[in-house]
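Q: Supplied in structure tokens, the structure appears directly below.
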Amino acid sequence: PAPAECALLPSFSLGAGRPRLGTAAGERLAQPPLSMEEEAGTEREPLLSGRTAGRGHPPRGTFGASDCHDPAAFCTVQDAAGADHDLYINQAVVFIEDAIQYRSINHRVDSKSLWLYRWYYSKICQWVLSLTITLILALAFIETPSSLTITSDIRYRGTAWEPPCGLTESIELICFLVFIADVSVKSYLIGWEEFRKTKWLLAYILILVVSLIDWTVSLSFYCTETVRIRRILRPFFLLQNSSMMKKTLKCVNSTLPEMASVVLLLAVHLCLFTMFGMLLFARSKDKQQDKEWVGYFHNLPDSLTSLLVLLTTANNPDVMIPAYSKNRAYSIFFILFTVLGNLFLMNLLTAIIYNQFRGYLLKSVQSSLLRRRLGIRAAFEVLCSLKESPVSTNELCVNANTLLQVLPKVEMDSCCKQAILRTVRSCPHGILSAALFQKLFDELDKDPVKQHPPKPEYQSPFLQKVQFAFGHRFFGYLGNIVALANIVSICVILVMDADKQLSERDDYFLGAINCFFILYYLLEMLLKILAMGFKRYLSYPSNRFDGLLTLILLVLEISTFAVYGFPHPGWRPEMMGLLSLWDMVRLVNMLIVFRFLRIIPNMKFMALVASTLLDLVKNLRAFAGLLVVVFYAFAMTGIVLFKGAVVPMGNMSVVNATSGNAP
């Protein structure tokens with residue numbers, strides 16, 4: 001990390017106070033990495049500098065060198081017991097959880113604040129907050145004016161349901177109360193000093209105040225007002241709740257100055273070619289030769305718009321066809337414009353954006369790793385205050401038994417926790433130095449290796465042979481071949497029935513084929529469970545996907561037989577129930593086609609591509625969230641600006657009356 005970042009490293013007060021900013025940790029962490037010999041050595045001084053005790057607790061447990069009898073001796077807490085002991089344990093638990101989640105450790109650390117902090121970041125509390133954000137964003141689908149109908153065609157859709165006044169407002173009020181509680185807890189936990197520096201929290205409060213004022217105005221007018229500012233502000237609640245979205249927005253903001261020069265160059269490029277185009281395709285005496293002028297270069301706005309759209313290749317080659325029909329040499333103009341604009345300037349803009357985001361990503365990763373190391377180091381120094389070493393030593397260290405008391409309380413991945421616990425129990429002498437303590441939590445950076453449950457052990461020789469045969473990979477290959485044969489058979493029947501009327505189709509063959517293959521899929525699933533065991537079968541994602549689709553297909557097939565009977569020649573009964581026979585057969589076929597994706601894990605190249613796509617989806621969540629924020633805000637603005645602009649055909653008088661034009 002950069003020295004400027006290290007200057008902001010927190011220091012701690014182990015009493016009822018909260019961490020304060022200091023630079024001692026930054027000076028140590030900014031040093032070059034230790035060598036193997038130095039890392040294997042021990043520390044005799046606390047990493048973080050001296051602190052003041054928290055209010056309401058005695059000044060023990062601080063890390064100041066003035067509390068030590070010998071500057072080279074280890075700073076201990078002789079009388080830490082009872083409530084103080086539990087407080088230090090809880091502080092270490094919270095610091096480790098902060099490190100796991102890459103959270104800042106700059107917050108209150110007294111006992112009540114620690115309880116509130118853990119409660120706020122619990123799964124239930126965060127789930128309630130996410131549900132509240134989703135609920136307030138979803139209100140736009142039922143609020144007036146709403147178009148939540150089956151069809152989007154205004155000629156055929158019915159009148160949308162309009163909720164009574166006060167219904168959506170009551171839901172909004174509940175959401176606002178949750179947000180007020182959220183911002184209050186956040187502000188209390190970080191303290192007044194940090195609150196004044198946090199622009200997001202200040203904006204959070206401002207948005208809530210404006211929304212509540214607008215909500216009061218709505219009730220005052222009995223929900224008849226047309227402009228509701230709070231709807232446009234709703235995406236902010238989604239934005240402020242995601243740290244990744246805020247980081248991405250910050251990156252976009254830092255990228256804009258770098259993009260300005262290229263965007264200006266694009267504007268010059270567009271304006272120059274617009275002027276050239278207006279001169280090349282000027283109006284002439286022959287109206288038959290003026291198609292390019294009439295359609296695309298009639299005036300300056302039309303010319304600029306035509307070339308701007310061509311820059312996105314949306315109207316290519318339509319924009320050049322009239323001129324190209326007149327003279328082939330005109331194509332040089334469009335080729336030069338496309339090559340310079342699309343191949344050079346647009347790619348240059350993409351390269352600048354990529355370079356900026358790559359640099360930002362590197363800084364973000366460094367910042368996250370720094371937060372993790374600080375959280376682990378903070379937990380180490382807190383536990384150092386509990387001097388329970390089995391041997392007399394003047395080294396800065398933590399008793400392994402103390403860490404064993406902390407880890408069960410930490411919310412973390414079970415596999416990672418078990419790996420750390422095994423390492424701690426095998427620690428020699430029961431002593432953990434600073435380097436070893438930090439190394440323990442390197443497990444957090446490792447991808448967990450999932451251990452599959454063991455196969456069942458059968459005593460019968462016959463069952464052992466069955467287990468070997470149906471647990472072999474060739475049995476999986478056979479299932480893939482059968483699935484491919486099922487897809488081919490469905491394609492053949494669909495091609496044969498493509499030109500037939502619905503009344504002329506005979507679903508007997510397709511129904512019989514589906515019945516045969518579904519029975520095979522069921523048998524395959526049962527044999528795999530017999531060979532692998534139920535728990536081992538479910539431990540593989542491909543098996544869960546395969547088994548779930550097989551059960552759904554089985555339920556649909558049984559439902560089809562229960563409603564329409566077994567397949568037979570001329571199997572074309574009338575519609576009964578919710579779906580017709582053809583609809584149910586189509587649904588089954590679609591699931592069978594979807595089930596064919598089971599072959600992906602068996603093909604290394606396809607599995608690599610699929611895993612890359614899944615990783616892209618995970619990494620693009622922040623960008624997708626920003627798109628939701630932008631689209632939602634513009635959609636709400638568009639509802640206000642263009643209300644009543646689109647009316648059914650044949651009722652154009654409404655448009656004329658709105659625009660002030662005569663019919």
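Here the Cβ of each residue, glycine as well, is placed from N, Cα and C on the backbone.
A quick note: this is a predicted structure, and the numbers were derived from the prediction, not measured.
So TrEMBL has the following annotated:
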- 23-62: region 'Disordered' (REGION)
- 124-142: transmembrane segment (TRANSMEM)
- 128-357: domain 'Ion transport' (DOMAIN)
- 201-222: transmembrane segment (TRANSMEM)
- 259-281: transmembrane segment (TRANSMEM)
- 332-354: transmembrane segment (TRANSMEM)
- 473-646: domain 'Ion transport' (DOMAIN)
- 474-496: transmembrane segment (TRANSMEM)
- 508-527: transmembrane segment (TRANSMEM)
- 548-567: transmembrane segment (TRANSMEM)
- 579-600: transmembrane segment (TRANSMEM)
- 620-642: transmembrane segment (TRANSMEM)
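Show me how these features fit into the shown structure, please.
A: Beyond the ends of the transmembrane segment (201-222), by six or more residues, the same chain brings 165-166, 169, 172-173, 176, 179-180, 183, 186-187, 195, 228-230, 233, 236-237, 240 to within a C-beta distance below 8 angstroms of the stretch.
Sequence-distant contacts of the transmembrane segment (508-527) (same chain, six or more residues past either end, CB-CB distance under 8 Å): 466, 470, 475, 479, 482, 485-486, 489-490, 493, 546-547, 550, 553-554, 557, 560, 567-571, 585, 588-589, 592, 595.
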Q: Which residues, given as numbers and ranges, are at least 6 beyond the ends of the transmembrane segment (332-354) yet have a Cβ under 8 Å from it?
A: 255, 258-259, 262-263, 265-266, 269-270, 273, 276-277, 280, 307, 310-311, 313, 316-317, 319-320, 323
Q: State the mean pLDDT for the domain 'Ion transport' (128-357).
A: 88
